[in-house]
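Positions annotated as transmembrane segment by TrEMBL: 37-63, 69-97, 166-186, 192-213, 267-290, 316-342, 363-381, 393-412, 424-443, 449-469.
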């Protein structure tokens, strides 16, 4: 009997030849076709707006918008803080408009830090965001999705933890598949779920306007009555409000995939953020037409309570659309998180395989799969909300550093083309607000966990020095065969900007 043989498909056989002759004409021919395919994977203005709106509006405005009311102390200050948070988010987004049109690279703050502060700061940002912030946030959103998706099957009680976690893992698996299959498919999914969450917001706002027309204005007529909140309480109210607005920088993570980023990036931001601000303020006004501040604070799910009082017997649509909203937010989070890992891998700050793209699908599938794997890993602990809370100050530190990067490059990179240039007072104000939001929770309630998070961020230097700065040869020898086999397994290739001028693959005689 003849021994069994391992056969490669023609595609993988060609890819193996490309790997054997890396840097040759074979590799350049492969890259040309990768670039040609990539030119069709673009995101337009409508999809960009849906990405911003869909990522910013999660489950918070439907479930627990009460933290702002709790710290502000009255209805009037509460609504004022919601509106002011929208203005502050717009100010921050204006900084990102200039940065994104000046440096048209994907990866969010990563390329801006690289340009303004150098490799070390950019690496620490990618280390913290890729390893903790993005995947843990992904896990939190899918856990919220799982809780509300499984709740109808367990009336009167909380769904078992194992069911919630398994459903959350299944949601991550499904979202990763969608994003790996096609950029267009992921955009269509995002557009659909954004439309769904806007629909339920319009329903809630419409019902609130109807209640106002009936004279339900008792709560709003005495909006500013009550004790004045302390400075620290106002700071915490802003902190929670701005957390609900988080996601306004998501389009900067996919700048390279935008059609005409000089036009569509600022337009999408200037359409999306005011739209979210209006939605947040109007939804809160609608809540106050049927609930007193005390009732709103005691409600476990504010939108569900509102639906039970106003939309009955159609109140079931509220939890259904909360499920839609959380799934859409998770898809948007995954869509942008994969791009950061992809760009960091391309610059050599992550393993090289993360910078590869699917030759068939034109998606950064290794980076997406890596983010999904970490997301499932973060589902395992009993409670990862604590992790998010203590690392959130790091997110605002990065926002402040992005504003500082804009100020620094005004003096160090004067020659760079700036299609949009904001007054320097705007990044200055963003820097001050960010410093306050970083220091406020630490001063108000200092804990050792904040120190642990800081230690984790700077622990990335232990990997930076040997593997990136010194470029340890033994690590390269170890990763080379692993990278090659992962390429064959996932059918992915590097995404260099080289281009082969021919239209057919080279022959054996053209091999060097």
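Here the Cβ of each residue, glycine as well, is placed from N, Cα and C on the backbone.
Taking residue pairs at least 6 apart in sequence, the transmembrane segment (267-290) and the transmembrane segment (192-213) share three or more C-beta contacts under 8 angstroms. With a cut-off of 8 Å on Cβ pairs spaced 6 or more residues apart, the transmembrane segment (424-443) and the transmembrane segment (363-381) reach fewer than 3 such pairs and are scored as not touching. Tallying C-beta pairs under 8 angstroms between the transmembrane segment (166-186) and each of 37-63, 267-290, 363-381, 393-412 places 363-381 first. Listed by sequence, the residues of this chain that lie at least six past the ends of the transmembrane segment (316-342) yet keep a Cβ under 8 A from its Cβ atoms are 51, 54-55, 57-59, 62-63, 106-108, 110, 126, 129-130, 134-135, 137-138, 141-142, 144-145, 148-149, 151-152, 171-172, 175-176, 178-179, 186, 189-190, 192-194, 196-197, 199-200, 203-204, 247, 250, 253-254, 257, 301, 303-304, 306-307, 350, 354-355, 357, 364, 366-368, 370-372, 375. Remote same-chain partners of the transmembrane segment (267-290), defined as residues 6 or more beyond its termini with a Cβ less than 8 Å from a stretch Cβ, comprise 45, 48-49, 51-53, 56-57, 61, 65, 75, 78-79, 82-83, 85-87, 89-90, 93-94, 96-97, 198, 201, 204-205, 207-209, 211-212, 216-217, 219-220, 244-245, 248, 251, 296, 302-303, 306, 309-310.
Residues 92, 95-96, 98-99, 102, 109, 112-113, 115-117, 121, 125, 128-129, 133, 246, 249, 424, 427-428, 430-431, 433-435, 437-438, 441-442, 450, 453, 457 of the same chain lie 6+ residues outside the transmembrane segment (393-412) yet bring a C-beta within less than 8 angstroms of a C-beta in it. Beyond the transmembrane segment (69-97), the same-chain residues lying 6 or more positions past its ends with a Cβ under 8 Å from any Cβ of the stretch are 219-220, 222-229, 233-234, 236-238, 240-242, 244-245, 248-249, 252, 265-266, 269-270, 273-274, 276-277, 280-281, 284-285, 288, 293, 296-297, 399, 402-403, 406, 420, 422, 426-427, 429-430, 433.
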